């Protein structure tokens, strides 16, 4: 396992000595057994935690040096002690990460290539799918900002648009993958905002003082914190939202004035909902992650009846993301310091007692390398790196990891689809 420790502040130990020792022992056990589970693991300690992480889609393969250069979007949360920055980081990975060839390779450390000054902490940062150079953030103040990650070298790196409407802390942030320039945000003020950055000329704004943009629509249907909001992956008109008011709402941009087109009240019994994610393969499948540690699967054609409830985490779900490459694989991050990869095609399979003791049949793999709550996760979008994930935790640690080939081989390279019976 690679460890980068440049400019690192060691996280403070917790007051509860017994609990801290237990976490330390768990980490040691994970580290000792990591060679059995991972093709690759890299750990980087930052000076300040990054609440957000996302792979950028482009990679550079250097066959001479046998490396792959990858890039990530991260942020900072200094709690006001220092300036906060949106950051573009890079990491060189061994070329053998793509196949089974084992070599003694050296790769460069985790590097920060660009920094963009940001007002307050960055809760989430996401690139626009149609143009990855354009990056949106949402902050602790509720404000969102648009940046251009230009290839040109410039000392004047700043936001080009300020999206100001929310009055409280915000985490919900989603670009429309089918309608360029359309952005969703949500915040603790119980509101959802729709933005259209196409109304501004970004090429012009890049060389001028940042301008403000007003939302094209504001929705007030939730009665508590709106923790997450996501566009549908196939229908440019649909999006969903989840809230501490325990509700899952589905909206259609063509009928916003009449409220959500679908509602699931008390989607996770009596607990709030932190996250949601629409499938990258099925037009009707979505997942929700709750404060009660469970993950719900829903079918848009019958949202009132939950398809399945997945149990494996021990604390609140913080993030959900379906694999962009393999149908039915879902990653979840949690306050229990774990990332779980689920294979929902295994739901309902018979187990012997030993396997059942290890977890539900759909629990494909548990990543236990973090020692603090996991705040965000990201699958690499390039299919050649389809089992490579990034995760970030509240103790300043970022981990990049790839499941070992012998674990992923049963589905590796196979185009799988969920059977129709799953939705019955």
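Including glycine, each Cβ sits where the backbone N, Cα and C put it.
According to TrEMBL, the region 'Disordered' annotation covers 1-22.
Residue counts for the domain 'Histone-binding protein RBBP4-like N-terminal' (25-94) by DSSP state, with H, G and I taken as helix and E and B as strand, are 13 helix, 33 strand, 24 coil. Residues annotated as domain 'Histone-binding protein RBBP4-like N-terminal' in TrEMBL: 25-94.
The repeat 'WD' feature in TrEMBL is assigned to 163-205 (among others). Helix, strand and coil residue tallies for the repeat 'WD' (163-205), in that order: 7 helix, 18 strand, 18 coil [DSSP].
Taking Cβ pairs closer than 8 Å, the repeat 'WD' (266-302) reaches residues 224-225, 227-228, 230-235, 240-248, 250, 308-311, 313-324, 327-328, 330, 332, 334, 336, 342, 344, 417-418, 423 in its own chain, all 6 or more past its ends. Here TrEMBL flags 266-302 (among others) as repeat 'WD'.
The repeat 'WD' annotation in TrEMBL covers 310-345 (among others). Beyond the ends of the repeat 'WD' (310-345), by six or more residues, the same chain brings 23, 274-282, 287-297, 359-360, 362-368, 370-379, 381, 383, 386, 389, 391, 393, 403, 411, 415-419, 422 to within a C-beta distance below 8 angstroms of the stretch.
Taking Cβ pairs closer than 8 Å, the repeat 'WD' (367-405) reaches residues 8-9, 11, 23-24, 26-27, 30-31, 34, 36-55, 57, 59, 68, 70, 72, 74, 91, 93, 97-98, 100, 110, 124, 315, 318-319, 321, 323-326, 331-341, 412 in its own chain, all 6 or more past its ends. Sequence annotations record features per position, and here TrEMBL assigns repeat 'WD' to 367-405 (among others).
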For the repeat 'WD' (163-205), find every same-chain residue at least 6 residues outside the stretch whose CB is under 8 Å from a CB in it, and list them.
123-131, 134, 136-146, 148, 211-231, 233-236, 239, 241, 243, 245, 253, 256
DSSP puts the residues of the repeat 'WD' (367-405) at 4 helix, 20 strand, 15 coil
On the 0 to 100 pLDDT scale, where does the domain 'Histone-binding protein RBBP4-like N-terminal' (25-94) sit on average?
94
